[in-house]
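Reviewing the structure listed below.
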Amino acid sequence: MKHLTTMSELSTEEIKDLLQTAQELKSGKTDNQLTGKFAANLFFEPSTRTRFSFEVAEKKLGMNVLNLDGTSTSVQKGETLYDTIRTLESIGVDVCVIRHSEDEYYEELVSQVNIPILNAGDGCGQHPTQSLLDLMTIYEEFNTFKGLTVSIHGDIKHSRVARSNAEVLTRLGARVLFSGPSEWQDEENTFGTYVSMDEAVESSDVVMLLRIQNERHQSAVSQEGYLNKYGLTVERAERMKRHAIIMHPAPVNRGVEIDDSLVESEKSRIFKQMKNGVFIRMAVIQRALQTNVKRGEAAYVISH
């Protein structure tokens with residue numbers, strides 16, 4: 001049984017194994033070792049990509065899937081998250097995927113339950129499977145992380161994606177740049193350097209946009225003029241390196257953090273990220289339940 005709650009708990013070797021397993025699954029290799037097992041997806045925050053991606057991953061592995069949202073569980077009646085997970089464990093659930101608005105909701109939970117917990121996003125904290133699918137997408141493009149410059153733009157302070165990605169990319173040998181409004185800078189995230197949007201775009205191999213996390217701000221945030229000040233405009237995109245790519249964890253607010261015409265442009269890998277998410281989550285579930293597809297020769301060589 002292996003939980004996955006943060007990227008920092010994964011060694012470089014484990015990351016390599018997950019990426020390689022995901023790539024093999026993407027090529028069609030699977031042995032359905034998990035057929036008949038039960039997965040519960042428990043989401044206390046709205047989700048489209050992560051929720052359905054996990055469900056597709058589970059079904060591709062032959063699992064039975066239980067989907068629950070926070071409003072339909074007894075948590076609404078005062079039940080603790082611990083008791084909810086213990087209930088699922090007692091009725092035969094084998095793995096639980098959780099998205100929660102509370103940072104580090106899993107901190108005590110993982111030592112108290114007997115089924116693996118997979119973190120599908122905790123507040124402003126971490127989003128490990130998003131980070132892994134981003135790594136897979138970047139590696140497919142460049143066959144390395146070492147020496148790359150990856151810039152992350154926008155609401156850094158409230159972004160669990162920025163937090164997960166900055167740490168692991170730095171560990172794998174990439175240089176991380178941040179840009180965005182000064183009030184949204186994250187002083188606790190020391191894995192990147194803040195520069196102007198223009199400087200970051202021109203020097204990056206990967207330009208990663210973030211949406212404004214409106215649900216985590218205490219007051220409404222004006223979107224007027226945001227694109228020209230802090231977003232990826234057509235004019236800025238024209239100054240990107242020839243080989244550089246555009247990424248976004250989605251949901252995308254077209255015309256806010258990225259010009260509408262760039263979302264599905266030649267440089268964009270946004271929908272490829274979503275596709276890769278299914279295979280990464282299949283690999284993560286296999287790891288959680290300690291099963292793996294049979295590997296051939298090592299395909300991923302990660303320098304650090």
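For all residues, glycine too, the Cβ spot is worked out from N, Cα and C.
As annotated by Swiss-Prot, carbamoyl phosphate binding site applies to ARG49, THR50, ARG99, HIS127, GLN130, ALA250, PRO251. Cβ neighbours within 10 Å of ALA250 (carbamoyl phosphate binding site), excluding its own Cβ and spanning all shown chains: 19. In the three-state DSSP scheme, ALA250 (carbamoyl phosphate binding site) falls into the coil class.
Annotation comment: Swiss-Prot describes LYS77, ARG160, ARG211 as L-aspartate binding site. When Cβ atoms from all protein chains are considered, those within 10 Å of ARG160 (L-aspartate binding site) total 23, not counting its own.
Summarising the annotation, Swiss-Prot assigns phosphoserine to SER303 and lists experimental evidence as the type of evidence.
Minimal Cβ crowding within 10 Å, among the binding-site residues ARG49, ARG99, ARG211, is found at ARG49. As a whole number, the greatest separation of Cα atoms within the carbamoyl phosphate-binding residue list ARG49, THR50, ARG99, HIS127, GLN130, ALA250, PRO251 is 16 Å. Rounded to a whole value, the Cα-Cα separation of ALA250 (carbamoyl phosphate binding site) and ARG160 (L-aspartate binding site) is 12 Å. The carbamoyl phosphate site is defined by ARG49, THR50, ARG99, HIS127, GLN130, ALA250, PRO251, and by the 8 Å test on Cβ atoms against their centroid, the other residues of the chain that qualify are SER47, THR48, SER53, ALA120, GLY121, VAL161, PRO249. Counting only same-chain residues six or more apart in sequence, the Cβ atoms lying under 8 angstroms from the Cβ of PRO251 (carbamoyl phosphate binding site) belong to THR48, ARG49, ARG211.
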